[in-house]
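Worksheet: the structure to be examined is printed underneath.
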Amino acid sequence: MLSLAAKLVAFFWRTADTPREEAGQLEPELAEGDTKLKTVRGVVTRYCSDYGMIDDMIYFSSDAVTSRVLLNVGQEVIAVVEENKVSNGLKAIRVEAVSDKWEDDSRNHGSPSDCGPRVLIGCVTSLVEGAGCISQTTYFSLESVCEGFEPCKGDWVEAEYRIRPGTWSSEATSVKPLRYKRVDKVCISSLCGRNGVLEESIFFTLDSLKLPDGYTPRRGDVVNAVVVESSQSCYVWRALCMTLVKRRDAAPVHEATHFYGTILLKNKGDIEVTQVTHFGTLKEGRSKTMVIWIENKGDIPQNLVSCKLAGWDKSKQFRFQMLDKDQMCPVVSFVSVPEKENSSDENINSLNSHTKNKTSQMSESSLVNNRGISPGDCTCKGENGEKDNILSRKQMTEPEPGGLVPPGGKTFIVVICDGKNPGRCKELLLLCFSDFLIGRYLEVNVISGEESLIAAREPFSWKKLKSSQALTSAKTTVVVTAQKRNSRRQLPSFLPQYPIPDRLRKCVEQKIDILTFQPLLAELLNMSNYKEKFSTLLWLEEIYAEMELKEYNMSGIILRRNGDLLVLEVPGLAEGRPSLYAGDKLILKTQEYNGHAIEYISYVTEIHEEDVTLKINPEFEQAYNFEPMDVEFTYNRTTSRRCHFALEHVIHLGVKVLFPEEIILQSPQVTGNWNHAQDTKSSGQSTSKKNRKTMTDQAEHGTEERRVGDKDLPVLAPFTAEMSDWVDEIQTPKARKMEFFNPVLNENQKLAVKRILSGDCRPLPYILFGPPGTGKTVTIIEAVLQVHFALPDSRILVCAPSNSAADLVCLRLHESKVLQPATMVRVNATCRFEEIVIDAVKPYCRDGEDIWKASRFRIIITTCSSSGLFYQIGVRVGHFTHVFVDEAGQASEPECLIPLGLMSDISGQIVLAGDPMQLGPVIKSRLAMAYGLNVSFLERLMSRPAYQRDENAFGACGAHNPLLVTKLVKNYRSHEALLMLPSRLFYHRELEVCADPTVVTSLLGWEKLPKKGFPLIFHGVRGSEAREGKSPSWFNPAEAVQVLRYCCLLAHSISSQVSASDIGVITPYRKQVEKIRILLRNVDLMDIKVGSVEEFQGQEYLVIIISTVRSNEDRFEDDRYFLGFLSNSKRFNVAITRPKALLIVLGNPHVLVRDPCFGALLEYSITNGVYMGCDLPPALQSLQNCGEGVADPSYPVVPESTGPEKHQEPS
């Protein structure tokens, strides 16, 4: 039974032999008109700044040099040479220096491809027929893949590769999985469409799964499998092959064989049925009729038992009537569907009077049954006399007179479509004859009137980039130096520039393989390549940012005056396109005249919506007479330079911090006794209603305020006391009786605070793993306060990736009411405007203007980037005893290192708080992402053995080593029905519902819920995605209109009215955000927040509406036309964990089912009976019975709630 799996395992490490002769026959591609290119090896005999000679025969320019090794006279090189047809001279178009390493490894001193193969560890990023790419750039053919392994996008592989000298690209010669294992007797826990999951942790897809002949996987089957490491949405393993161990006892009713294919649609029994059954485009509120003819071309009469609808369309937009053969065929017409019961007769279908009379008669006939059924509800005889399991006998109706179609006779059905649900829709019409069944798809595309308000204003066209020739045209440019920008701080500026290497820039711009510049990228991250690898990734991100900014450059712009300053209007600035900040540099150029242009350097001093105030050379400001100017945006490299600087200065932290393996226990920092009576009182089951509310508010909003008296603070003894008593008081603050400032923390939160305070494993980073709504920030606040008061020698640096997160920490510490004045300071970036800082935080910001003074405060709060300011004033290593990084999962590793470099590697303590399952750092360069810049320091540590989940060793401690990780599991935000799916997909079913029941159950009675007591709606919309103008962003008018309607229903609901400020709309595309805001503005609901997933991280709303936008069902195979960044499990997790009481998801199930996370959400919604809208794909049709009461015992169905219940206090 396991022969297939055994064969795959046996050959996993056997590489297919590839003749070396084939590799040597690869010729460089020739441009049109070239004679021939050849590769030569020689020595540089002359080298100047912009050109050189090889063997005094071959000329090359500096642009042709692609090696990262600096060229010198006498340097051995390999060059691709072409011959000039006119002069017969030789010119090198690419020159690569031969490094010493290559010379040592090379046997015959040939080209780089002749050197020993190098090893690449990477992820398969693309696959086409017969080939693929690893980490975006390294090509491999399937012939180089080890036998038995069929790679899939997302698989982690180990490959041997060489550099092809003709094209300077890397090509893998051997590919095998990085890690694999065999798992026995595991259960198929989920199967949605063609995707499934084993034991809720191993992904598989039927598109690439190897199976024994005759076996089709089914939910509940017990199987053995061989799995490989692979990044598949929220899963890290992929099943390669699978064999059955034990089949489920019996298939449930809804898993019966589908009969939807060509057999069902095929004409049978000499009966021919109209083939074209598409209603085309129909306006909402209108109706359209269609005649479907049924003709008997045989010699025997055929009995039509019944005609039914399969019930795919939940909106019931289709209805039909069958007329006798002697009746006149009705005229196809368009009519309005009455919106009210007392509508006039003009809104009724205008069939002839005979037809109208017959309608009332036939509506009661057994031949017309407009009741939704599932395809397993009727049984008819097939052509061979066998039973077809399609319609159940209990729903069959006896044939009435007129159901017989004689030989040569005809009858017809009038099908009416009422436009109700915007978007495309498909229904299945079943014509059940006595001996066979014929089906036809009924399709329509319904459009609403509101869609015209947001229709595309102009056709989409790609923005044309300026040609390289235009960018490098000869000019004489005079640079007028502007006065230095005003700075609130006069800091020594010794931060090195870390310029981007020219050869790296050429690799990106000319699309040369990045491994030719930095082969270390192919290696796993380690201490020896740490700095070089991250420096290259930072430069790649900078290059992309610069290229992106160039797309926003403007020409012929006229500036406006505002007093002595000039104002530039930048369209799209309010949406972050481009992203500008105060202090950024812009270049203004006069229009070119006779090849001359004057260039002025300006600085941004103020930003208001799309108006940017500039500070330029005073002479220019006075002389400017509204002449048109060209504007170039520049990338602010300050944060990047600080990251480079940190990479150089964190080396002292060493392997024990950056690559921790062993745990060496140290003596605890605090040895005091905790007030267990306080613990018991705050966490007991009998906590009062007031305390329960306080706990919920504290976990959700962190607004708990508690004024601590003198007895709670470690105050030094009065100076009047004896000296010995004073010394004893100083030496024993660690032994004092400990109490929590926030008494309503739950047990996990208290344990985390105690472990942070103890610091047993310092300097190893301690991780506070905080899933959504579990009170992570509240725990950090308590830990900071405890360290501050228990350790009088401490100096705490609290950082976060964003200003908003840093402000929140500062606000919560301020609201604690326990800190003395001049204890805490908030350090802002120089360019941050004071107006956008909340009032409660402003006093702490004023103390932060003087960096020297700020560095002496006991608690310093800033962003990760701004913590680099302390390097500039010469703060020594060890200045900070504790470094807390909140939302550490959102910071790139180099960014997180900026504050860590200021901490001692011996006695310092690092605390990283965040969730590796939520959004990581924002990285735009695909190359930088492919090589790991998008993985945060927090996430990388969590993947190391010391921090990994181990249920066997630490099952009693939350499955993680309690000395290094504490996972918070009590969720104070969401309803149970909304929490179950993310808990299962991302958090091992460990999240516990602890939210305030009066909040999370407040919308259970909303009249629009498909299932009362279940606050989730998945509304299927088969809309059309579109783009307009030169914007590459997508929008979906049908979904935008549906979002508008839900917002109106909620805001104006009689039974459950929701404030506009309590509703949030999440959509991944800027253009959809823009369109939804237009619609909401028309109905005066502008208080509803509409934004991307990134804008909602860390926030919560009573109601969340998600518009997924993408709806193209025809181009699944092309990432550019499929889900794009929508298929990101971390974005999915953030989106569905924002609501407290209601989640509404709008999307096309035919597209979303291909993503594992959205597929799981669809399965969850259908099984619990909360799916509505368009028809489902055939792969999901079988699940509809689960929502109608036929539940699959292997899949969790959440019981519906009826309202607020008694809330049990967390222990």
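Note that Cβ sites are derived from N, Cα and C of the backbone, with glycine treated the same way.
The region 'Disordered' annotation in Swiss-Prot covers 340-385, 674-710, 1192-1211. Residues or ranges marked as compositional bias 'Polar residues' by Swiss-Prot: 345-372, 674-688. Annotation source Swiss-Prot lists compositional bias 'Basic and acidic residues' at 694-710. If you look up Swiss-Prot, you'll see G770, P771, P772, G773, T774, G775, K776, T777 marked as ATP binding site. Annotated motif 'DEAG box' per Swiss-Prot: 886-889, in sequence order.
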What residues elsewhere in the chain lie close to the motif 'DEAG box' (886-889), defined as a C-beta under 8 angstroms and at least 6 residues from its ends? 776-777, 780, 798-802, 805-806, 809, 896, 912-916, 918-920, 936-939, 1098
Can you check which residues sit near G770 (ATP binding site), meaning Cβ under 8 Å from its Cβ, same chain, 6 or more apart in sequence, and list them in order? K776, T777, T779, A913, G914, D915, L968
Please report the number of other Cβ atoms within 10 Å of the Cβ of K776 (ATP binding site). 24
Binding-site residues compared (T774, T777) - highest count of Cβ atoms within 10 Å: T774
So if I draw a 10 Å sphere around the Cβ of P771 (ATP binding site), how many other Cβ atoms end up inside it? 23
When the binding-site residues P772, G773, G775 are compared by other Cβ atoms within 10 Å, fewest goes to G773
Mind tallying the motif 'DEAG box' (886-889) by DSSP state, helix then strand then coil? 2 helix, 0 strand, 2 coil
